[in-house]
Every structure is written in structure tokens, then in C-alpha cells.
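Input: a single structure, listed below in C-alpha cells.
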Amino acid sequence: MLTNGLISLLAIAGLATNAFAGPIRKVSNAGAAGAIADKYIVVLKKGLSDSAVSKHTNRISSFHSNVARDLTGARAHGVGRKFRFSSTGFNGYVGGFDKATLQEILNSPEVDYVEQDTVVTTYAEQTDSTWGLDRISHEDYSAPYTYEYDETAAGAGTTVYVIDTGIRISHDEFQTVNGSSRATWGFNSVDKTDSDGNGHGTHCAGTIAGKTYGVSKKAKVVAVKVLSAGGSGSTAGVVSGMNWVAENATPNFSVASMSLGGSKSTALNAAVDCIFNAGITIVVAAGNENQDAKNVSPASAPNAITVGAIDSSNKIASLSNWGTLIDVFAPGVGVLSSWATSDKETKTISGTSMACPHVAGLAAYYISASEGGADPATITDKITSSRRQWSGHREHPWLPKQDRLQRICLSTHSPKTNHQVTIVAS
């Protein structure tokens, strides 16, 4: 009888334990497009002390090491790079884990969620033509193309962090009259080589701040290398780069430019929020899949300025993503800018990757024209709300039929001059 009673009590205790246990966690983004096998982003709960985080990661590292000794074949890497955004408390780590260690992580009370790492890529295609700077400074978009801007502002005093494949900082486009470069290296999550082996990042930087091809010709650009020479990387690497930017950029005088993307990611979108809350305006490419931008990151992040691409006729590029999350359409077809194969090399390519740096440069321009800098909300409002109707319109297939795209021309005057800066917006 006593035995039966004890069994009953144990059963009740077991039920009580299960009742008070936390929800069973699952890996988000598992099986998503571009998922990287056995690689994960672990997001910890906010408010954990440094000692609690260290205790957790040490325990997971020890567990992983013990399990790995019993496994055959290649072992996963274990706990890798850690991240912590002081602006919001968003923190965690990335790593490669076997199934047993992954389950231990999922069961840990310190963990908020676990996301499978995914591939991110550039958004560029090669074509011919040049016209983008003319389009952001004129309503009349007929040739010959010219660019009008406030030379006393022109991005002076601002820094744009190009989260991409790197920058050829010795390129002529970034050299000053005294022989120094406005381009510098900041962070590299890819390799130990501070160079742009692809060219994409150098092209974007040239559109932002090049002395010939740039929107903000006096801005500084910083290379944040998160993509390889092949133009791809991981969500984990991108988040690490964003973490570095959030902790090192000067609030209200900085812009982050991200001409990249991949599958929708809660972690990546959270990192966008962290950058925004750190006082850094963040501009991202919408993507080149001709789909709703709500399906990809960082384009789907609410606090990002998401940029689609138009061609020289002000038509939305056939490759551009679309949808209600697009804030701005900017020049993205046949854009000429600097390239990484030599200090004088240029190249013409297309994509929302090319549209994004036009707006990042414009954000830097607006910041430099504002006394004391400007916070991200102010710059976002400046770019997205100062609108009037552009001639012509067409229906958007992704909106209800009664809604129409009004071609909008953002036309705003710098407080320092009468030079007009224009850009097409959704």
C-alpha cells in the first residue's frame, strides 16, 4: 500500500513538473531556403548578467566537448562568436552543434530561441548604363545627366558602414586631396584578409561616397566584411558585423548600408532594431527575387529603410522585390560605380543592391545638412514622408485592386542651399 502510494505521489510530482516546465522549443528557420546544416544562432533572454551568460556558454561548451568525444566523423565546432547589443540587450552566440548539444541548448532556461543559420547573398546583376545620380537630384530625367548637390554638406561629418564584401579602400574614388582615404576597415567576420575579393562592397561604397559616383562625396565609409569573395555569407556572420557597428558607430551621425539578404530571420530583424535603437539609420536592399519583401531579411525589418529598384524610365525593375514593406524605390538598373580589381576600375551592375546605397548616401547627405546630426526616426521620416505625386501610375499586383501606385517624387531642399535632392519612392 505504501509502495502504491509512493508511486502515485511520484506520478503526481511528475505531472506537476511537466505542468510547470517551459514550452518545448523548436529550431526556427529549420529547412528554410539556404539553411546551413548544423549551424545555429542562439538568442539568450534579455536581462541575463555577464556571469549568467558565461556560465551558460561554458556549460554548453563542456557538454559539446564531452559528446563530441563519443562521436565519429567530423565534429561540429561548438560555441563560436558571441554578440551583445547594448542598445536593447539582444544577445547570444553562434556555433555549430550536434543534435545532442542542440537539444541541451533548447532545454536551457537561459535561451529565448534558436534559429538555424542561413545563407545571405548580394543582390546584384551585371548590365550597362549610368544615370542614378541625375535621378536623385532632378525631376526632369532626360539626358544629359547631371547631379546637383550641396557641396558644403555632401555627407561631411558622417560615416556609412557598408556591411558587405569589403571595400578596396585604396580606390581613387575615396582618396582626398591630401592623399588620405575616406574609406577604412572596421570589421571582418569572413577571413583574415582585409580586401574586397568580390567587388560588390566597393561598388556600393562608391555609390554612397565616391567622389565621382557618390551621393555623399564627403562622407566616410567603413568596410564591415560579412560576405565572401563569392558574394555569400551566413546570417550569423551578418549579425556579428551588425553588432560591431552598433557598438562602434557614433549615434545620429552614422548610417548602416546592407545590400544583402536571405530567408526571413527573426535574429537578423532583431539586429536591425538594435542598430536603429543605437541611433544609426539603417538602409537595406529589398531583394531581387520579384516577390513580396515580407518573405526575406533584413528587408522585412520594420525599422529598416527598405529600398526597391527602378530603371532609368522610372519603372520598377523586373527583378525587384515589392510589397507594403518597401519604403523607397531608387536607381538600381545599370548603375556605374567603383570596382575592386584596381584603384581606377569601374563596373556597371544592377539590382536592389545598387538602389540601397543611393538611399544610404542620401541619408548621410541629410544628416550632414542637419545641425547636430539626426536620429534614425528623423531621417526615415525625411526620406519616406516628404512626398508628392509623380506623373503616371500603375496598379501594384500585390495590393488590392482599388489601390494604385502613385509614382512619388521625394523632393526636399537642404536647409543650407537651394540644391534639390529627389528620389522616387513607393
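Every residue, even glycine, has its Cβ placed from backbone N, Cα and C.
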In Swiss-Prot, which of these is labelled N-linked glycosylation site: N248, N252?
N252
From the Cα of S353 (active site, charge relay system) across to the Cα of N252 (N-linked glycosylation site), what is the distance in angstrom?
24
Taking each of the recorded positions N178, N252, S353 in turn and counting other Cβ atoms within 10 Å of its Cβ, which one has the fewest?
N178
Alpha-carbon spacing, N178 (N-linked glycosylation site) to D164 (active site, charge relay system), which is rounded to whole Å:
27
So for D164 (active site, charge relay system), how many other CB atoms are inside 10 Å of its CB?
31
Coarse DSSP state, helix versus strand versus coil, of H200 (active site, charge relay system):
helix
